[in-house]
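Trainee: One structure is given below, represented as structure tokens, and several questions about it will come after.
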Amino acid sequence: MGPPWSQESSPEERLPTEWSRQLTRARWVLLAVLLCGLLLGSSMLWFYIFRNCGPCPCETPVCMELLDHYLASGNRSVAPCTDFFSFACEKANGTSDSFQALTEENKSRLWRLLEAPGSWHLGSGEEKAFQFYNSCMDTDAIEASGSGPLIQIIEELGGWNITGNWTSLDFNQNLRLLMSQYGHFPFFRAYLRPHPAPPHTPIIQIDQPEFDILLQQEQEQKVYAQILREYVTYLNRLGTLLGSNPQEAQQHASWSIVFTSRLFQFLRPQQQQQAQDKLFHVVTIDELQEMAPAIDWLSCLQAIFTPMSLNSSQTLVVHDLDYLRNMSQLVEEGLLNHRESIQSYMILGLVDTLSPALDTKFQEARRELIQELRKLKERPPLPAYPRWMKCVEQTGAFFEPTLAALFVREAFGPSIQSAAMELFAEIKDAVIIRLKKLSWISEETQKEALNKLAQLQVEMGAPKRAVKPDIATQEYNDIQLGPSFLQSFLSCVRSLRARNVQSFLQPFPYHRWQKSPWEVNAYYSISDHMVVFPAGLLQPPFFHPGYPRAVNFGAAGSIMAHELLHIFYQLLLPGGCPACDTHVLQEALLCLERHYAAFPLPSISSFNGSHTLLENAADIGGVAIAFQAYSKRIVEHTGELTLPNLDLSPYQLFFRSYAQVMCRGLSSQDPQDPHSPPSLRVHGPLSNTPDFAKHFHCPRGTLLNPSARCKLW
């Protein structure tokens, strides 16, 4: 007899067990149905949320203003996949210029601040700035003074045959006065700048003078004679304004232009000097005295850079030694045989330099010259600027710390600065991620690059010194305003030069911004290892805390990423990264050059792809990095906004905002600009960004979705 658990059960005894199993199966089926229903319901709920509660339209006043700006500047009838530049920038009356429009808006803001009534402490920086501005705007007083204040200055320089008796003074004495007291540098320029080589300590640098007739393109050589004739006409007009008869004025103008032409023949293009390794010469004052003896270098430089203590063993950086040698020989020859020609050249040049502070007759003569030169060079005429804009620019040049403080208080408050710094931090993090993924960079170079990025300084809004009114007041103690506007102007010129010298004499010289805080231009300073983003740039339509994040990342974020990539530009130069995979790097750079060369350009463009290569690389990398940062942000944070009535998703709005920054007419571009023409600054980076084609659904093979792309950053 077996064990009890082995006994068989009858059919009747097995019935409850089978019923129990069927019931369990039914329960599982019911549970599965319920779970499927729950999942389906959840999916529908999430679909509803994302469809109806996804990106919300931003309808605040700042967003509606931005919307109006976008609608007015773009041409929505253009297919974005074939011409995104026109889609974003081509308004009905021509291509809009975002940088120029914002620049003018910032100046208008300064104008309103300077026109507003206020009471200032006696002798404060604000009081002197407002007094100078009001003096500049007092055109009745300037017209009443006429050429009297200018003739008085000419008499201090020994006079001139045109304005009265001429007493031939010591040449170097006159030259010292011209440069140190009146800001006119007829034969060379001298300035303090960081040394071009590390550790970038401040050093006096000597460079060519600036000429109105400087030729930049081969086509200008054909109209050289016409340019000279226009310049003679201008100088002749200056002479008659100073009281000369037409024949005498013509003679002095001819003498001056002959001397100018001979100096001009000694100039060499910067690219040529660089190719011949002649752009930087380190010499002592003594050595320069031997090479160019017509100039008393020690006394002249001492006068310019007072209160610096100089001696004959002081080192200088000379940028064109051959020019200085030839200039010295020409001056010596002129002092022996054509002394009056040199005096005419120096005096007429001084009048030209001081024309912004003279009455309208002098300013109109200057303006007509510029317009004629632009016409001969096939460039569009300059628009007529109102008097208030000129006075704002002059006040800003001389009283920058004071106007910077006013502008920042008005346009770049703590909340805006905090939002801008937060954006910069996210862009910087995206750059770090990029550096870690580069295929052509070595591990050692990667560590160096990351360390360099970690040590980077950043300044936003305005220099820290600029917002301290007590410092500004001390800096303006030496300014004496009046009795004439010309005298006020010259007092400010001398004060500004003295402040520049003093800043370099500090034990730890602070970084002097290369741009005013209201300017629309960011930059990277190699000598200070610092990126600077002025308050004037971080304004609508480029940036605002209340904008959709897509706008801020696409516009300001791309600019920030662009400047951060300039930190590593040396890696892209030949021999700049010996530890890198140079084959992969060079292939990427060649790809980039071919990529830009493939785009059609208007016939008026003189684009040189190799000349703009580094900026093109920063443009392409800047957009990619900013988009990477934005994509990360949109995943990690909810509540995305977009602009109504544009029919653009947040990702599409990112690219639209980037293009908006680049809106500019081709004719407004400087021939020496290291950037590509505006349309290429849009099409080049966006066509190299697969996400653009993805989000705008561009068919393969269209302009903005090419079959091949370049991989650099």
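Here the Cβ of each residue, glycine as well, is placed from N, Cα and C on the backbone.
The active site feature in Swiss-Prot is assigned to GLU563; the stated evidence is sequence analysis. The annotation Zn(2+) binding site is assigned in Swiss-Prot to HIS562, HIS566, GLU615 on the grounds of sequence analysis. Here Swiss-Prot flags CYS58-CYS63, CYS81-CYS698, CYS89-CYS663, CYS136-CYS391, CYS591-CYS710 as disulfide bond, drawing on sequence analysis. As annotated by Swiss-Prot, domain 'Peptidase M13' applies to 57-713, with the evidence given as sequence analysis. The N-linked glycosylation site annotation in Swiss-Prot covers ASN75, ASN93, ASN106, ASN161, ASN165, ASN311, ASN326, ASN608, and the record cites sequence analysis as its basis. Residues annotated as topological domain 'Extracellular' in Swiss-Prot: 49-713. Annotated transmembrane segment per Swiss-Prot: 29-48, in sequence order.
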Trainee: In this structure, which of the binding-site residues HIS562, HIS566 has the fewest other Cβ atoms within 10 Å of its Cβ?
Mentor: HIS566
Trainee: Of the recorded positions CYS89, ASN106, CYS391, CYS663, CYS698, which one sits closest to the residue listed as 'active site' when you measure Cα to Cα?
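Mentor: When the Cα distances are compared, CYS663 comes out closest.
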Trainee: Taking 8 Å from the centroid of the Cβ atoms of HIS562, HIS566, GLU615 as the cut-off, which other residues in that chain fall inside it around the Zn(2+) site?
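Mentor: After dropping the recorded site residues, what remains is TYR524, GLU563, LEU565, TYR569, LEU614, ALA617, ALA618, ASP619, GLY622.
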Trainee: Which residues does ASN311 (N-linked glycosylation site) neighbour through Cβ under 8 Å, counting only same-chain ones at least six apart?
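Mentor: ASN311 (N-linked glycosylation site) has long-range Cβ partners ILE285, LEU298.
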Trainee: CYS63, CYS89, CYS391, CYS591: which of these disulfide-bonded residues has the sparsest Cβ neighbourhood within 10 Å?
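Mentor: Checked CYS63, CYS89, CYS391, CYS591; of these disulfide-bonded residues, fewest Cβ neighbours within 10 Å: CYS591.
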Trainee: Quick check: of the recorded positions listed here (CYS81, CYS89, ASN106, ASN326), which one has the Cα closest to that of CYS591 (disulfide bond)?
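Mentor: Nearest by Cα distance to CYS591 (disulfide bond): CYS81.
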Trainee: Which residue among the disulfide-bonded residues CYS81, CYS663 has the fewest other Cβ atoms within 10 Å of its Cβ, if you could check?
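Mentor: Least crowded of the disulfide-bonded residues CYS81, CYS663, by Cβ count within 10 Å, is CYS81.
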Trainee: Counting other Cβ atoms within 10 Å of each Cβ, which of the glycosylation sites ASN75, ASN106, ASN161, ASN165, ASN326 scores lowest?
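Mentor: Among the glycosylation sites ASN75, ASN106, ASN161, ASN165, ASN326, the sparsest Cβ neighbourhood within 10 Å belongs to ASN165.
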Trainee: List the Cα distance (Å, whole number) between HIS566 (Zn(2+) binding site) and CYS136 (disulfide bond).
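Mentor: About 39 Å separate the Cα atoms of these two residues.
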Trainee: Looking at the recorded positions listed here (CYS58, CYS63, CYS89, HIS562, GLU615), whose Cα lies nearest to that of ASN75 (N-linked glycosylation site)?
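Mentor: Closest by Cα distance to ASN75 (N-linked glycosylation site) among the recorded positions CYS58, CYS63, CYS89, HIS562, GLU615: CYS89.
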Trainee: Which residues of the same chain, at least 6 positions away in sequence, have a Cβ lying under 8 Å from the Cβ of CYS58 (disulfide bond)?
Mentor: GLY546, TYR547, PRO548, LEU641, THR642, LEU643, PRO644
Trainee: Counting across all protein chains present, how many other Cβ atoms fall within 10 Å of the Cβ of CYS136 (disulfide bond)?
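Mentor: By my count, 23.
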Trainee: Translate the DSSP assignment of CYS663 (disulfide bond) into the three-state scheme.
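Mentor: DSSP assigns CYS663 (disulfide bond) to coil.
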Trainee: Using DSSP and three states only, what is ASN161 (N-linked glycosylation site)?
Mentor: coil
Trainee: Take the domain 'Peptidase M13' (57-713) and average the pLDDT across it for me.
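Mentor: PLDDT averaged over the stretch: 90.
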